[in-house]
Amino acid sequence: MATPTPTPRSLPTSMQIRSNSTSHVRVVVRVRPFLPSELESKDKGPVPCISVLNADSDPRSGEEITVHIKDQWTSRNECYKLDSFFSQENGLDSIFHGEVSNLISGVFKGSNATVFAYGATGSGKTYTMQGTDRQPGLIPLSMSRILSSCESSGSSIEIAYYEVYLDRCYDLLEPKAKEVMVLEDKDGQVQMKGLSRVTVRSMPEFSQIFASGVQRRKIAHTGLNDVSSRSHGVLSIIVSSGGAVGKLNLIDLAGNEDNRRTGNEGIRLLESAKINQSLFALSNVIYALNNNEPRIPYRESKLTRILQDSLGGTSRALMIACLNPMSYHEAVHTVSLAARSRHIANYVGPDAKQETPRVKVDMEAKLRAWLESKSKSKSVQVKNGHFSPISGRTASLSAKKPGSARPTSRVMIKDHGFAKGSGYRLLQAADTHAWYCFFPRL
């Protein structure tokens, strides 16, 4: 019989999904259990450096929780305000039922949602998203819930799976490596050009397709992790329900690495540099959004382009900050960035399209009006230009003057000779047959 898991520190469902168009990025913390090697290294048992201060408060009150991070070897400590806390005793199903399941209902109504795991290498991000056969992660739990809901609603499901490796996107559902282009449509939404989609009808079918994609993802051994993800993995679940199309993005971010500890060399060092660079770009985006800067640097990396809709966009977003209970510095770095993400506001729902109205411009009519105005001005010049010294002086700028090194214009001039009965010379521009100008005799 399965043992009951403790109740997570989270807000009630009524406060998580709101009817208005503003939704802040929700940030929760998951502290991974101790590894067997960590348990063997301590005689009296290791003590986690992360705890929650207001653990006795009522979670139904809707108040935020305070995460306390204390260095075991010094007196340094930090406190951060977050939305929810999942300790080492909480299972992955607690995170799903407390946080992710609330987002799935909106996907069937045409809304977009994003769940991404963030943290240092070895903090349990991939385990949180994929899990194991005995304890499924958020990806299989989400897919199982969506498939069961589709059976009753008659909706259809498609999935897409790709990775961001060395700041390039590759389709993981294709047997051969295929690069995918990250583009924007006319509405400013990020689109993946060339990304394949596969229809899924059952959980065994999904497990087979997803497992083949996981095997194609780049992994390697490092000094801190035997199986370290060398790329950011993104699984998109597209749900078509009637006329509404919603999407759930489940993102497993690669962890930032300290190369002094990992001992990376060669290609591992290059991978680590690209991973840290993309995560640094993510921190710059969060900083710019929190400070209301006019320019948000989404284009600094492929990762921030993909997360553009989740950070300051039109998608409900959930960030799961995965923490290593033994590392104070990594926990502070992860939680500090996650805490700043809570202040980012996304604009979701039907009101989001009303926020930025787009005026449709008839370019054909605009061009026609411009041509008509130009033709009228030309006809006035021709009508008033006969024997006019003003027009003669203006047009003479395009003719070659005596003693000049080169003409001031490259327009070809055709000489018609002198006008009969006048002292003016008649010239015509070769490319405009309707324009006639009169010049004084040279």
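Placement of Cβ uses the backbone N, Cα and C atoms for every residue, glycine included.
In the structure as shown, the Cβ atom of THR126 (ATP binding site) sits within 10 Å of 23 other Cβ atoms. If you look up TrEMBL, you'll see GLY119, ALA120, THR121, GLY122, SER123, GLY124, LYS125, THR126 marked as ATP binding site.
Taken from TrEMBL, the feature domain 'Kinesin motor' covers 24-344. Averaged over the domain 'Kinesin motor' (24-344), the predicted model has a pLDDT of 89.
Spatially close to ALA120 (ATP binding site) yet at least six residues away along the chain are GLY255, ASN256, GLU257, ASN324, SER327, GLU330, HIS333, THR334, judged by Cβ distances under 8 angstroms.
Close to GLY122 (ATP binding site) in the fold, though at least 6 residues off in sequence, lie LEU224, ASN225, SER228, GLY255, ASN324, each with a CB less than 8 Å from its CB. Between the binding-site residues GLY119, SER123, GLY124, LYS125, the minimum number of other C-beta atoms within 10 Å of a residue's C-beta occurs at GLY124.
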